[in-house]
Every structure is written in C-alpha cells, then in structure tokens.
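**Student:** Before I ask anything, here is the structure I am working with.
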Amino acid sequence: MSDYIASALSRDEHFRIFAADATQTVREAQRRHDTWSASSAALGRALVATALLAASGLKNADDMLTVRIKGDGPVGALVTDGTNVGTVRGYVEEPHVNLPLNLVGKIDVARAVGKRGLLAVTKDIGVGDPFTGQVPLVSGELAEDFTYYLAKSEQIPAAVGLSVFVNADNTIQVAGGFMLQALPGANDAELSELEANVKTLPLVSELLKSGLTPKQIIQRIAGDEPVQFLDAQPLKFACNCSKEHFGDIMATLPHAQLQEMIDQDGGAETTCKFCGNQYHYTVADLEALMTRHE
C-alpha cells in the first residue's frame, strides 16, 4: 500500500490531527543512503515529522519546509525537506551508526541524536525571506523535540508521535507518526482528554504492524471526540535534484578550476546529499559550462 497522510478536524474545530504511514518513504531513504539501524530510526523519524509539519503548515505547491537537527550524538546532522504536495527528502550525516538497544529494548534514538543541540525549522513560502524557528533539543527522541518546537516557536500546544521499526537486517518494517494540534478556542479540559488518549496509545509502529491505518490511528487519538476527515495526501520520498541544477552550480566556479577538472580528472562527478543520485560531467559538459564565463 502506498504511503499517505490522513488528517481530521474536530467537530468544534478546536483540534487538528494528522497521522502518516511512511513505511515506503523511509524504506526508500534507507535504501538510498544505506543507513544502519540507529541512523535509519533517526532519519526516519525526522522525515515523518517533516512530512507532518509540511502537511499542516504549508499552503502552496511551491512552498518548502526544511528541518535541520544537530545534536551531539554519533549520527551527526539530520537535514530534511518537505513540500505541500507530499514529498520529502533528507539525509543523515553519519549513515552507518548502530547502537545497543536502550533500557526498554528499543533503538536508542536519543543517544544517536544526542540530547544537546538544536532543532531548526525553516519555512519558505515564496513571500519575503524564509522564516526560521529554532529551539534547543529537549530529549533527542525527536517526537518530544518537535512537540517542544511547536509550543515554543509556533505557540501551538501539540503532541507528536514518531516511530520507525528497523529489522535485524537494517531494512524498515514500518514507519509512521501522528501530530495533534490545538487550535484557537480549545480549552484545557479538551486538551487534557486528548493528551490522555495519546499517553495510552501504543507506539505508531506497533499500531501499523497490527494493521491499523492512519485514519484509524486518528480515531484512536480522538476517542469520543467526533472528527471530520479531510482529503488524504499521498506521501513519498522524492528529490528535485538534476544534472542541470548541479551544472548551474558548477558553472559559477572559477574558469581555472573547471579547466583543472578537464586536464587532471577528465571530467567530474557530483553526488546529491539528499538522495544519493550521482551525476557525471564529461569533458564536453565541462567545456560547455566554461563558455558561460565568456
């Protein structure tokens, strides 16, 4: 089944709930970057959170949301992009990180990411300069960190759940997440009731493994609160890189540097950090780029 994000609005329009099955998306990221278990879990959670934030906070097809996470853990930096049309991409600085399981027998994402560092979210909506909100990491588990970001940077009371189940061979069994947001008009009693539902909710990975859909996960979170489901949004890993794009960047290099690539290397090759695609430039390609300086 293809990945998608389900969304719903409470009947009184006091809450929004989003839930995603991102299994295929995270599998594609793992395949492209050859990530090991701890790196897979961290990158997968970041991708799911980015998809949920983009679905809730972007309005136009050209809008872009970028998440940067830099903790003091061994996976290093995490960088992810999301769009309003359900595409995400991203990479982890150190893809080959395995760690012992934590005290509850799960992948130790908090140790992998680190508990000291920053989480930054940049929104580019095509009007004025992009806006960046930044908060310190509070746990490194990422779900709590994104919850804190929404509360402190966007002033939105929220609850976020993120989960990636990695098999022993480093493949991804399931991945997904949810995001509950309070809207203007919500009162503390309503929020407490839904937060209680969230606290008793099993891990999203367990719900997905048991066969629940994103819509059913939303219903579990809503409990007795009636909700109106909105249009579902397909979700996939996709990158907008191209040989032409990287060529445009290379064309800005000094003439002498391009000539050195021709004389010493007989061409050039570049790799996209976000997706791992490689692009080769022949001598003829480089000579064509050099003509842009003339």
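Note: Cβ is positioned from N, Cα and C throughout, glycine not excepted.
Quick paste from Swiss-Prot:
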- Cys239-Cys241: disulfide bond (DISULFID)
- Cys272-Cys275: disulfide bond (DISULFID)
**Student:** Hey, how far is Cys272 (disulfide bond) from Cys241 (disulfide bond), Cα to Cα, in Å?
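**Tutor:** Approximately 7 Å lies between the Cα of Cys272 (disulfide bond) and that of Cys241 (disulfide bond).
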**Student:** 10 Å Cβ neighbour count around Cys275 (disulfide bond)?
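**Tutor:** Cys275 (disulfide bond): 19 neighbouring Cβ atoms within 10 Å.
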**Student:** Round to a whole number and give the Cα-to-Cα distance in Å for the pair Cys239 (disulfide bond) and Cys275 (disulfide bond).
**Tutor:** 6
**Student:** When a 10 Å sphere is centred on the Cβ of Cys241 (disulfide bond), how many other Cβ atoms does it contain?
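**Tutor:** The Cβ of Cys241 (disulfide bond) has 17 Cβ neighbours within 10 Å.
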**Student:** If H, G and I count as helix, E and B as strand, and all else as coil, what does DSSP give for Cys241 (disulfide bond)?
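**Tutor:** SS state of Cys241 (disulfide bond) = coil.
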**Student:** What number of additional C-beta atoms lies within 10 angstroms of the C-beta atom of Cys239 (disulfide bond)?
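**Tutor:** Counting Cβ neighbours of Cys239 (disulfide bond) within 10 Å gives 17.
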